[in-house]
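Undergrad: Let me begin by handing over the structure; questions about it come next.
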């Protein structure tokens with residue numbers, strides 16, 4: 001077989017071994033396996049209704065939970081085709097030349113959507129444009145049907161003049177369409193552009209013409225919602241997310257607990273209390289918050305002692321969230337990195353190879369942690385001013401969401417002790433301020449290793465998180481892998497039960513870390529232990 005060497009084929013010609021699929025396996029989060037076909041999200045709405053805001057925010061969320069998503073903004077394509085914007089006349093429905101250009105831009109954008117979803121491993125594409133006519137939406141539906149894409153429409157409806165004016169002044173004044181123009185001229189031209197679109201605008205009709213489509217109408221920035229014919233899991237998650245976000249001004253403060261006794265010793269995990277300097281930080285944090293004069297501030301902590309002790313010093317009510325607890329290091333809890341490297345050298349190497357996907361034996365991975373923290377993100381999106389006192393890995397995951405960081409960067413984000421991250425949501429992202437309180441603390445950050453393996457050396461086999469792929473371009477059936485501590489429940493033969501009680505037998509080759517090098521990860525068919 002292709003997975004065996006020539007010597008193995010000669011000595012064991014009767015034996016077939018599964019090919020090594022791990023080196024070519026695409027890194028993908030759990031959520032990607034919940035999409036059974038690519039989805040095209042189509043934005044609808046007049047200009048200045050927050051479509052781009054929703055597109056970017058939704059894309060950031062979907063990428064964070066592990067669904068590869070990309071925005072295709074039609075304005076970018078239009079500015080490539082027409083280098084200089086002159087006035088609202090370009091958007092008149094009776095400007096035939098401009099209409100041809102706009103349609104051609106849409107077709108080019110859809111071709112890029114097709115390439116992303118079919119050739120670049122994308123799962124969801126967001127088509128950010130007005131799409132206000134039925135003709136344009138029918139064209140998109142035909143395109144999706146030809147390529148077997150699901151379609152979900154998101155229509156933003158707003159008739160509040162104050163909201164529209166604020167959106168124009170906050171976002172459109174800085175648009176590439178208006179270089180070096182004053183606010184009054186921008187407002188006048190853009191309002192006329194909106195009037196051009198109103199002439200041909202046909203909102204989605206849930207009672208007749210569009211009753212069979214899947215969509216959500218977001219009315220007046222989330223005051224009301226209308227949801228129609230949600231098709232699948234991903235669409236339901238999109239609806240749930242859009243029903244939780246808001247645009248009211250607020251500030252989110254993220255910080256770690258004060259320095260703990262285990263921090264001083266270099267140990268990970270555990271439930272130790274604050275050190276002397278950690279208690280000093282808690283007092284400094286209280287003084288900082290009093291100076292900020294924040295109204296209606298909510299304080300959240302984990303259920304571990306070090307975050308609770310930090311919050312206790314603030315003298316304000318706080319809520320404890322178990323899902324804010326630090327990443328579970330399993331068998332490595334309360335150990336230093338030097339101890340882990342000495343006792344479990346292969347585990348130490350595995351984590352350095354792929355920190356986001358690596359799961360501690362009996363513990364969690366960063367990927368697991370993102371799944372665990374999703375309810376926190378939903379609640380943060382619903383809230384006003386919040387202070388979250390958490391832990392290094394937890395804070396990295398939360399920061400990655402707000403700063404739109406990918407799986408490669410997430411585990412290495414710097415979140416030092418005794419430092420506050422002040423996050424202020426803005427039009428298309430998040431403004432970040434780093435505030436260091438004047439209290440010394442140990443450095444718990446580990447830089448990303450180089451991982452420069454020699455060309456003739458195969459990296460240590462990666463133990464992946466448990467999943468069952470729903471589909472694969474590879475025709476060879478992959479073995480189902482289970483993480484340590486998560487093996488399937490099934491009756492054990494007396495011999496197997498005895499093996500488990502007495503430890504590894506002579507048939508089971510051992511690694512330096514004590515794990516079987518053949519069946520690690522467990523349940524591989526080629527392992528003689530099975």
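Placed from the backbone N, Cα and C atoms, the Cβ positions cover glycine too.
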Undergrad: Suppose a student reads Swiss-Prot and sees 102, 130, 136, 172, 193, 197 listed for beta-D-fructose 6-phosphate. Which of 78, 79, 224 should they find annotated at that same site?
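TA: Only hit among 78, 79, 224 in Swiss-Prot's beta-D-fructose 6-phosphate site, alongside 102, 130, 136, 172, 193, 197: 78.
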Undergrad: Figure out which of 241, 366 sits with 256, 269, 337, 351, 355, 392, 396 in the beta-D-fructose 2,6-bisphosphate site per Swiss-Prot.
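TA: When Swiss-Prot describes the beta-D-fructose 2,6-bisphosphate site, the candidate it includes is 366.
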Undergrad: Tell me, how many other CB atoms lie within 10 A of the CB of residue 102 (beta-D-fructose 6-phosphate binding site), whichever protein chain they belong to?
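TA: Here the count is 20.
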Undergrad: Rank the recorded positions 136, 256 by the number of other Cβ atoms within 10 Å of each Cβ, and give the residue at the low end.
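TA: Comparing Cβ neighbours within 10 Å for the recorded positions 136, 256, 136 has the fewest.
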Undergrad: Can you tell me the CA-to-CA distance separating residue 351 (beta-D-fructose 2,6-bisphosphate binding site) and residue 393 (ATP binding site), as a whole number of Å?
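TA: Between the Cα atoms of residue 351 (beta-D-fructose 2,6-bisphosphate binding site) and residue 393 (ATP binding site), the distance comes to 14 Å.
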Undergrad: Provide, as an integer number of angstrom, the distance between the C-alpha atoms of residue 396 (beta-D-fructose 2,6-bisphosphate binding site) and residue 193 (beta-D-fructose 6-phosphate binding site).
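TA: Between the alpha carbons of residue 396 (beta-D-fructose 2,6-bisphosphate binding site) and residue 193 (beta-D-fructose 6-phosphate binding site) there are 42 Å.
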Undergrad: Averaged over the whole of the region 'Fructose-2,6-bisphosphatase' (249-530), what is the pLDDT?
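TA: Over the region 'Fructose-2,6-bisphosphatase' (249-530), the predicted model scores a mean pLDDT of 81.
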Undergrad: CA-CA, which of the recorded positions 78, 102, 256, 257 lies nearest residue 170 (ATP binding site)?
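TA: Closest candidate to residue 170 (ATP binding site), judged by Cα separation, is 78.
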Undergrad: For residue 45 (ATP binding site), which residues in the same chain are close in space, meaning a Cβ under 8 Å from its Cβ, but six or more apart along the sequence?
TA: 51, 130, 132, 155, 156, 157, 158
